[in-house]
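Over in TrEMBL, the protein carries these features:
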- 35-169: domain 'Glycosyltransferase subfamily 4-like N-terminal' (DOMAIN)
- 179-339: domain 'Glycosyl transferase family 1' (DOMAIN)
Amino acid sequence: MDPRILVISAADKNDRSAYTHRILKLAECLEERSVRCDFFFMPNNPPLDTETTASLFMPFWLRKLNQYDLIYCGAQEAGQTLFFCGHFVRPPKLLDIHGDVIAQSALANELETGGKKRTASLRVEMIDRLAMACADHFLTVSTFQTEVFLKRGIPPERISLIRNGVDLDLFQPLPQPKEPLYTFAYIGEFQSWQGIDNLIKSFQLVQTPSIKMLVVGFRECDRPIKEVFREKFGSRVELVDRTDRNTLVDLVRSVSILMIPRVEHNAIKHAFPTKFAEYAAMGRPVLVNDVDETARFVQKYACGFVSKPTPEGMAAVMHRASEVPYEKLAEMGQRSRKMAEENFSWPKIGDEYFRVVMKLISAFRKGQRL
């Protein structure tokens with residue numbers, strides 16, 4: 001009988017975030033390999049739509065949970081719901097750690113309070129502890145995150161590194177533009193840890209009028225940030241709201257270099273941005289800050305630029321990168337594509353993930369202890 005998996009998500013079924021994109025793609029990888037995946041979206045199943053009390057009500061779904069060969073939990077927000085009923089859930093519980101939620105909460109508080117508060121919220125700490133306590137196996141997205149778990153005493157056989165992937169057919173390599181409309185582009189979201197403040201401050205230090213930037217991904221809640229870009233840079237920036245991936249690819253055709261301006265913090269080291277693989281797949285040089293594993297990939301493949309995570313450092317690298325000849329940028333772009341093909345293709349990641357899942361299911365069906 002083909003194995004069945006229940007995929008628990010803490011997001012609404014219509015969510016379009018990177019969080020949901022990873023969950024859906026991992027499930028798609030399994031379904032392509034004859035593993036059935038059923039979805040359970042917490043916000044669409046009250047009273048599980050309230051994270052802090054969801055674990056109290058999940059026992060009402062115990063019969064449903066035990067119909068599967070494995071329970072996948074999308075990050076700690078989903079994983080913590082199994083805390084009180086976990087002992088009675090027979091299938092193995094797989095917790096996908098998208099990042100360090102405690103460090104992310106601490107960073108958000110630090111930036112929002114101007115450094116007055118540097119600790120995570122009590123709610124986030126509680127959710128993390130509950131999720132970690134009831135998981136049988138952990139997925140990580142970065143080497144740093146894996147190493148942290150090992151130092152915490154989690155056995156290596158309970159950890160699997162499954163990175164964020166990219167659809168190489170959708171994100172095709174694009175020819176390097178000889179006369180680009182935009183020297184740089186940032187495409188993504190605007191949470192505090194994305195380093196948007198650094199991006200704004202660094203671009204203020206770039207005085208060359210011909211250096212222009214494309215910024216894509218604004219939602220209604222990002223209107224204040226969008227206005228800051230418009231007021232400070234005027235015609236030097238093109239501002240585009242969140243769009244579909246096909247439109248995104250068309251926009252990148254007129255860009256020389258793609259950027260990831262993240263800040264330096266433990267929250268960043270644990271994560272691995274989805275956009276990095278997508279940038280690379282499109283055959284563009286990538287400018288990253290030296291704050292996480294992406295910098296190591298850029299240095300290994302010589303496919304872009306690595307900057308210090310400061311406005312001054314980024315501005316200096318942006319000046320230098322803008323003067324690199326077209327031919328050299330094209331070579332960097334080709335190496336970016338090679339990096340994506342060798343490390344981030346969904347078929348490759350899907351094979352790795354399938355092996356992890358089938359090993360857990362096989363042990364469960366044989367009655368072996370995980």
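Here the Cβ of each residue, glycine as well, is placed from N, Cα and C on the backbone.
DSSP states for the domain 'Glycosyltransferase subfamily 4-like N-terminal' (35-169), grouped as helix (H, G, I), strand (E, B) and coil, give 66 helix, 23 strand, 46 coil. Mean model confidence for the domain 'Glycosyltransferase subfamily 4-like N-terminal' (35-169) is a pLDDT of 90.
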